[in-house]
Amino acid sequence: FVSSQVEILDWETKKQLCFLDKVEPNATIREIRLMFHKLYPRWYPARQSIKLDPKGKPLRDEEILQHLPVGTTATLYFKDLGPQIGWTTVFLIEYTGPLFIYFLFYFRMTFVYGRDERFTSSPHPVVNLACICHSFHYIKRLIETVFVHRFSRGTMPLRNIVKNCLYYWGFAAWLAYYINHPLYTPPSYGKKQINFAVIMFLLCEAGNFSIHVALSDLRRNGSKTCKIPYPTKNPFTWLFFFVSCPNYTYEVGTWISFTIMTQCVPVGLFTLLCFIQMTVWAKDKHCTYLREFKDYPSHRMPIIPFLL
């Protein structure tokens, strides 16, 4: 089999955008993206979605032309993904916002709660503890973004950054408003409830970090190939024995502990939404593992051991 010609059509109109002649049969999709980019400079590789079928899944950069089910003239379909932004930049923007927004409420800015002197500080130590934990969570995320995470896809559509920031920044403001409100009441069971929640919070944060490091190690050599993650000597990674996405399990646990610590309804609602969203992500990832690997551990669940 030798393929030396590639035609690229618009995925909607089926109009031919370009015809590439004398393409090496071992050319990768990434190389074809670069050839297409030379003809259409405004469509840089990250903006391109290249498919075998208009309604199919995008081809990965590392896929090789001669291994695809195409004839001597390969027909590919192009979709413009729109302006893109790097995932590192996305996470830095998303996580820096909640960190500083929370402080506006914690320091009782006059434009939030008014100028009454009684509102300048909280008599409840848990309010200070909640600020420390909330800040720790997002500082950890920023550190992971810079030093730990390795992304299989380098960018996301620029338009999504607005939606994501509204979610993270908006909820941070909503939580902070009630936790730092002058009329806030501490947890019903006092120090016992708070201490239990803090221990749970720290364990979940340590677990989440451990999973991110383990996942990062799978891509240490720069590979973007999907691999099966397995437990390591770190006990926090042993959750891989039971679930496909323990990072999400620990993340949900972090917010459950923060809900218990603050006993605040908005935090509980945020935790519920986090759980729903992360369950969707975990199921998608789990299905990808099952599709990619015939020997994938059959006893693993997406996010909750033995249940979900």
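Cβ atoms are placed via backbone N, Cα and C, with glycine included.
Database features (TrEMBL):
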type	residues	note
DOMAIN	5-80	domain 'TECR-like N-terminal'
DOMAIN	155-308	domain '3-oxo-5-alpha-steroid 4-dehydrogenase C-terminal'
TRANSMEM	85-107	transmembrane segment
TRANSMEM	166-184	transmembrane segment
TRANSMEM	196-215	transmembrane segment
TRANSMEM	235-250	transmembrane segment
TRANSMEM	256-276	transmembrane segment
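Across the domain 'TECR-like N-terminal' (5-80), DSSP helix (H, G, I), strand (E, B) and coil residues number 17 helix, 27 strand, 32 coil. For the transmembrane segment (256-276), the most Cβ-contacting stretch among 85-107, 166-184, 196-215 is 166-184 (pairs under 8 Å). On the 0 to 100 pLDDT scale, the domain '3-oxo-5-alpha-steroid 4-dehydrogenase C-terminal' (155-308) averages 94 in this prediction.
Sequence-remote contacts of a segment are chain residues at least 6 beyond its ends whose Cβ falls under 8 Å from one of its Cβ atoms, and for the transmembrane segment (85-107) they are 127, 131, 134-135, 138-139, 141-142, 145-146, 149, 151, 153-158, 160-161, 164-165, 168-169, 171-173, 175-177, 179-180.
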